[in-house]
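Asks: Can you read through this structure? Questions will come right after.
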Amino acid sequence: MIKNDLLLKALKGETVERPPVWMMRQAGRYLPDFMKLKEKYDFFTRCRTPELATEITVMPIRQIGPDAAILFSDILVVPQAMNIEVQMKPGVGPWLPSPVRSLEDVQKVHVPNVHEELQYVFDAIKMTKQELNDEVPLIGFAGSPWTILCYTVQGKGSKNFDLAKKFCFTNPAAAHALLQKITDTTIAYLKAKVAAGVDAVQLFDSWGGMLSPADYQTFSWRYMQQIIDALKGQVPVIAYGKGCWFALKEMSESGAAALGVDWTCTARNARYLSGGSITLQGNFDPSRLYSPPAQIRKMVHQMIDDFGKDAYIVNLGHGILPDIPVENARAFVDAVKEYK
Ligand code: CP3
């Protein structure tokens, strides 16, 4: 039994005293203690060392007080496990020296045994669950197949992922073969995360909004749906798509427990497009955490009024920015706890 079960209740659509709150990327660079660990250990060492991943996961719980923890890791450990080299370059971000650009490249990509390649993640989950002592639920996650394809083809972050789109539209057979390999790996990976103890999972389709609504169905949603189907009856799934308001109808019919929305869609519109009853998560503009704490509190209360306190999970519309003052992050979480 989890002591603070607000998130799990909201995922079931049950009535709550107040909505739960957590922040995407809540275990990150805005926390001074995270920066201290970052000086000592490089990014993938932090991911691969269960003691460090546990310490970082629990940090925001102790210092900011959200209603759920999200395991410290990265969506790019999946392509790494598939035999695609991924580095995290300071000041640059993800860097893949040998991007996938042809059918031959796709054929070299492995669908691994996740217990051989990613056991460190499952160990970190078990250690984190012990450390959390059932105070709050633990969320596991994966990138959507499309978002992982974006990095594996582009080779780095991008404003428009032009090379990833070019690959899909010039070589759709190779693109679909790659998407299916990523999907198969992700399903095995998330099932093993559930077996290790996560209470819910979130799929991050961070770059779904780069696609037209029709291409979104073909190159992204179809594969997200396969993952949601594979997890049916195991744990609740939160499907987050940045810029994907146009797909909320299909998403609401998918079997996902909740849908994550960003700040470009009003609460009213998100409720309308998703049919009015499914749990929604979001959608505070991460840049709005630069506002003074008093204004953050007011805006958060307005956001809860707009979404309604039930079938709702307070969150940002995308990850927290690295230079947000800790007090402002705390004001965001406190505002929810003060909501009446
Ligand atoms: O939410 C959490 O705090 C849990 C941990 C988490 C990280 N990445 C840690 C991280 C999660 C859930 C992610 C997901 C992730 N990673 C996504 C999807 C969410 C989103 O924001 O869209 C994506 C697209 C990635 C890929 C990725 N990893 C990028 C683009 C970067 C560079 C970011 C930058 O601005 O430098 C990373 C690195 C990364 N992942 C950091 C953290 C805390 C920062 C680098 C570091 O700590 O050394």
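Cβ atoms are placed via backbone N, Cα and C, with glycine included.
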Asks: Looking at the substrate binding annotation from TrEMBL, with Arg25, Gln26, Ala27, Gly28, Arg29, Phe44, Asp74, Tyr151, His318 already listed, which candidate in Ser206, Ser274, Ser277 is the matching residue?
Replies: Ser206
Asks: DSSP on the domain 'Uroporphyrinogen decarboxylase (URO-D)' (20-29): how many residues come out helix, how many strand, how many coil?
Replies: 0 helix, 1 strand, 9 coil
Asks: For Arg25 (substrate binding site), which residues in the same chain are close in space, meaning a Cβ under 8 Å from its Cβ, but six or more apart along the sequence?
Replies: Gly319, Ile320
Asks: Just jot down the residues in the same chain as Arg29 (substrate binding site), at least 6 apart in sequence, with C-beta under 8 A of its C-beta; none if empty.
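Replies: Residues satisfying the criterion: Met35, Lys38, Pro322.
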